[in-house]
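For reference, the structure is listed below as structure tokens.
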Amino acid sequence: MVDHLANTEINSQRIAAVESCFGASGQPLALPGRVLLGEGVLTKECRKKAKPRIFFLFNDILVYGSIVLSKRKYRSQHIIPLEEVTLEPLPETLQAKNRWMIKTAKKSFVVSAASTTERQEWISHIEECVRRQLLATGRQPTTEHAAPWIPDKATDICMRCTQTRFSALTRRHHCRKCGFVVCAECSRERFLLPRLSPKPLRVCSLCYRELAAQKLREEAREGIGGSPPQLSHLGGTVCGASSGDDDDSDEDREGNGDGDWPTQVEFYASGVSWSAFHS
């Protein structure tokens with residue numbers, strides 16, 4: 001069915017409509033063989049609070065963005081190749097239902113659907129597309145994934161020292177390796193995580209020690225001679241960095257954020273969270 005629809009006029013029109021909604025800020029989405037399979041609104045758990053996001057499932061990519069005007073205008077487009085995606089269903093709680101994690105090497109995050117049925121539809125459609133894409137490309141499933149960021153609201157104290165209490169003056173930071181919410185003192189180090197960024201990123205003290213030790217072991221195995229590795233901030237001092245010189249926000253940070261979780265009505269005001277174009 002997907003192959004049959006790949007170069008049809010209706011498929012081209014649907015993809016063009018999505019491109020139009022993102023406008024000049026979005027990337028071109030039309031490619032030979034690409035099929036738009038469905039769309040819907042999911043709730044993405046962001047750093048400050050959970051927010052509705054529009055998602056589009058293609059046969060080879062997953063696209064999502066912020067909703068400015070439903071079915072008219074979107075922004076902050078993100079494109080995820082499906083061969084990099086792994087899904088992880090999450091357990092139900094009284095406060096959080098119909099959730100699962102979308103994991104990739106560069107970014108992992110939690111989303112939820114309006115109902116159990118819609119959650120299962122999303123998961124089954126994505127997993128089938130991932131399976132087909134891996135088969136087509138001959139690639140193996142990704143085994144290393146970025147840690148999802150713990151939401152700010154999850155804790156009022158540093159998750160490493162458990163002493164520092166966050167406030168308007170004492171800001172939260174996130175370790176890029178484990179995703180924990182930590183204070184400035186417990187996240188003074190930077191470490192190069194090539195899968196995430198070409199620049200050294202903020203990591204917590206525990207992850208830094210583990211990463212530095214791993215790097216030393218790897219260099220020892222490779223038999224690298226000469227002087228020891230230049231880990232200039234091994235003692236805990238960040239080279240040219242302070243608690244506020246790097247961007248601790250993700251792409252979903254808007255305004256100053258009050259940390260309150262939207263109600264379920266706000267989550268799903270745009271309607272059902274899965275709409276298949278091609279069944």
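Glycine is no exception: its Cβ is also placed from the backbone N, Cα and C atoms.
The annotation domain 'PH' is assigned in Swiss-Prot to 35-131.
Per Swiss-Prot, Zn(2+) 1 binding site is recorded for Cys158, Cys161, Cys183, Cys186. Around Cys183 (Zn(2+) 1 binding site), the C-beta neighbours below 8 angstroms that are at least 6 residues distant in the chain are Cys158, Arg160, Cys161, Thr164, Phe166, Thr170, Arg172, His173.
A C-beta separation below 8 Å, combined with a sequence spacing of at least six in one chain, links Cys178 (Zn(2+) 2 binding site) to Ala147, Val203, Cys204, Leu206, Cys207. When secondary structure is read from DSSP and collapsed to three states, Cys178 (Zn(2+) 2 binding site) falls in the coil class. The feature Zn(2+) 2 binding site is assigned by Swiss-Prot to Cys175, Cys178, Cys204, Cys207, with sequence analysis given as support.
According to Swiss-Prot, the feature region 'Disordered' maps to 220-263.
Positions annotated as compositional bias 'Acidic residues' by Swiss-Prot: 244-253.
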Excluding its own, the Cβ atoms lying within 10 Å of the Cβ of Cys186 (Zn(2+) 1 binding site) add up to 24
Within the domain 'PH' (35-131), how many residues are helix, strand or coil going by DSSP? 19 helix, 51 strand, 27 coil
Which residues, same chain and not among Cys158, Cys161, Cys183, Cys186, have a CB within 8 angstroms of the centroid of the CB atoms at the recorded Zn(2+) 1 site? Ile157, Met159, Arg160, Thr162, Gln163, Thr164, Val182, Ala184, Glu185, Ser187, Cys204
In the domain 'PH' (35-131), averaged pLDDT is 94
According to DSSP, collapsed to three classes, what secondary structure does Cys183 (Zn(2+) 1 binding site) have? coil
